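Contents: one structure, followed by commentary.
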Amino acid sequence: MLNSTAAKKRIQDLIQEIQLHDYQYYILDNPLIADSEYDLLFRELLDIEKNFPDLVSQDSPSQRVGGAPLEKFASIEHRFPMLSLENAFNDQELYEFEQRLKRFLQNSTPLSYIAEPKLDGLAVELVYEEGLFVKGSTRGDGRTGEDITSNLKTIQTIPLRLHTPEPPAIIEVRGEVFIGNDDFIALNKERVDSGEPPFANPRNAAAGSLRQLDPQLTADRPLDFMVYAVSDPASTKQNTQSGLLTYLNSLGFKINPHAATCSDMKSIITHYNHLLELRPALPYEIDGMVVKVDSFLLQQRLGTKSRSPRWAIARKFPASQATTRLNSIEFQVGRTGAVTPVALLEPLRIGGVTVRRATLHNEDEIKRKDLRIGDTVLIQRAGDVIPEVIKPITDLRDGTEQIISMPRTCPVCDHTLSREQGEAATRCTNPHCPSQRMRSLIHFTSKAGLDIEGLGKKAMEQLFNEKIITDIPDIYSLKHEHLQHLDGWGEKSAANAIKAIADSKKTTLSQFIAALGIRYVGEVTSRLLETRFQTLERLMLASTDDLLAVEGIGEQVAGSLQDYFSDPAVQEMLSTLMRNGFEFSLPQQGTGILPLAGNVFLFTGTMASCSRSEAKERLKDLGGQVSSSLTKKVTHLVCGDKPGSKLKKAGEMSISILNEQQFMELLGQQHNGDQ
Ligand code: IVH
């Protein structure tokens, strides 16, 4: 084992190396090493940090996840207010903006501008002291925002340390947190699949994700960040906004590549039209363009009005809305049997693309919007990605419109549909429904499942329709000749897929559980189950009580798991798969059994020997879980100095109470036991 000096040096080197690779991967999109090599570096860092907890530094990549859940966000006052922008809704208003600038400056100097895409996310401020990310907040009311530091740390494109040997003593950068369009679609799909309401647009998804009190939840969301300002340009050596952006990029931040410096309004308007055209092809949402006077000296002379600077203006894009006819409704049957109504529209061009369909999510949504077949409806490309039916134009009704009702039987298998109380979805409960089967199969091989290369939606549909595969085990009997004749396939793609299928048998238990597509059981729940039960056999044998004892699993999930595993057809399918040679590796390499699995800890009071977040990390390493409140699932209350009311309540609930020394011994014993 390393001594402390060597460990310190190695940790520093590893952090630097990992930071470099994070930058190459997340900011430059140009990885220099394979994922597996990266994982090795990361694991080495975690191992050393585990043995030398005192050496864990704030900018260690291991510190991106792990903050404890909060009761509420603290407030942070911005040193300089975060202003908003005035809007221009047409070209004329841009020319008027220019006139105001010239008048204010009495035409004393030529003006140069920068025109940047206006990202549609959430404004945040990040404070770096001596190069280290120390604090981050939302815009709030402009003067005071919420402290969301732990959540921001989970965003890979936010550097924990600036990439410069000479960081300014303090620099407060401002930018936009957002979710890319593809990530948004995937996130919403996951939510709908697990019975949660979808987010209306990427902006709402980003806002909802950023304002989670539990940073673990934020860490699971695909948030991204781009920088566009600093609170105080004087804190940098830059003279212009364009220079500042290049400088911020060199510090390790992503900047938007579609900004342009322009010397007059005419070229600004040309750039606006360019952005408008580019918009549908961009992988994220923009809702306009921000025009700024480039020179900081002039910005300072122009100053600010009460809420917005005089030196900038937002040229907003027109909303992508249009009307069309709702021709009919198609009812799709998803993997879990949920029947989703989809509006089939008279095709229309909107925001640069042709729209033919829009999901209506469920029956209540149709009722709430009072949609009828034959209605003229207002369509919006929500956040310009997913087409959404906003409302019917009731004034245009002529009485021929038809009320939409959910079918009584499954449109695919004719089985009676049912809707449980308190559920938004109407479901086909026939476990043999071909549509459910096909979608489960598609899920199994998709990215959310075992991610089998080549077996995407199209290929799986064809294989299913041609009855080459009807069940998951059939995937593992696929032969070269089955694949070779698929549309657009050849020798090589078939060979690659055969190899990918064989490789997919080496996976983790959590990935496998997630791939099964059990209702309410997504990636996060699968990981909880893996940690607690370790093997598929044990999970299959778990009673409802065993399942409910897992922190994060409630009645609904437990019920769904019980239903699934008690089905003889499922049992048969799983044993066939196991005979096919599936091998599950556990993510905690080498530790084998997790000694604290199944135990749920709650903390009260302060501890002298380690921070709560460190204690939590160590517990998790050993398979334990941490609760944020006193529930029936808590097995141990760890009681530090000045305990709160939890102590009394825990006593009443006969929960085991550990003092700090006992707790440290528990951790220590387990550690020794490990080695
Ligand atoms: S500059 C004082 N630049 O737009 C001006 N803002 O009302 C500070 N935004 O919520 C803003 N992209 O989050 C600026 N390239 C960009 C931007 C941008 C998006 C947002 C910002 C704020 C709103 C301004």
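Any Cβ shown, glycine's included, is placed from N, Cα and C.
Values in this document were obtained by computation on a predicted structure and should not be read as measured data.
Straight from TrEMBL, the features:
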BINDING   Asp35, Ser36, Glu37, Tyr38, Asp39, Ser84, Leu85, Glu116, Arg139, Glu176, Lys292, Lys316  NAD(+) binding site
ACT_SITE  Lys118  active site, N6-AMP-lysine intermediate
BINDING   Cys410, Cys413, Cys433  Zn(2+) binding site
DOMAIN    596-675  domain 'BRCT'
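Location within the structure of each feature annotated in TrEMBL.
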residue : record                                  : contacts (Cβ under 8 Å, 6+ apart)
Asp35   : NAD(+) binding site                     : none
Glu37   : NAD(+) binding site                     : none
Asp39   : NAD(+) binding site                     : none
Leu85   : NAD(+) binding site                     : Val290, Ser308, Pro309, Ala312, Ile313, Ala314
Lys118  : active site, N6-AMP-lysine intermediate : Ile286, Asp287, Gly288, Met289, Val290, Ala314, Lys316
Arg139  : NAD(+) binding site                     : Met82, Leu122, Ala123, Val124, Glu125, Gly145
Lys292  : NAD(+) binding site                     : Tyr113, Ile114, Ala115, Glu116, Gln241, Gln299, Trp311, Ala312
Cys410  : Zn(2+) binding site                     : Val333, Val339, Thr416, Leu417, Cys428, Asn430, Cys433, Ser435
Cys413  : Zn(2+) binding site                     : Val333, Cys428, Asn430, His432, Cys433, Pro434, Ser435
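Within 10 Å of the C-beta atom of Cys433 (Zn(2+) binding site) sit 20 other C-beta atoms, taking all shown protein chains into account.
Of the chain residues outside the Zn(2+) site list Cys410, Cys413, Cys433, Val333, Gly337, Thr409, Pro411, Val412, Asp414, His415, Cys428, Asn430, His432, Pro434, Ser435, Gln436 have their Cβ within 8 Å of the site's Cβ mean position. Within the domain 'BRCT' (596-675), the DSSP-based counts of helix, strand and coil residues read 32 helix, 17 strand, 31 coil. According to DSSP, Lys118 (active site, N6-AMP-lysine intermediate) sits within a strand segment.
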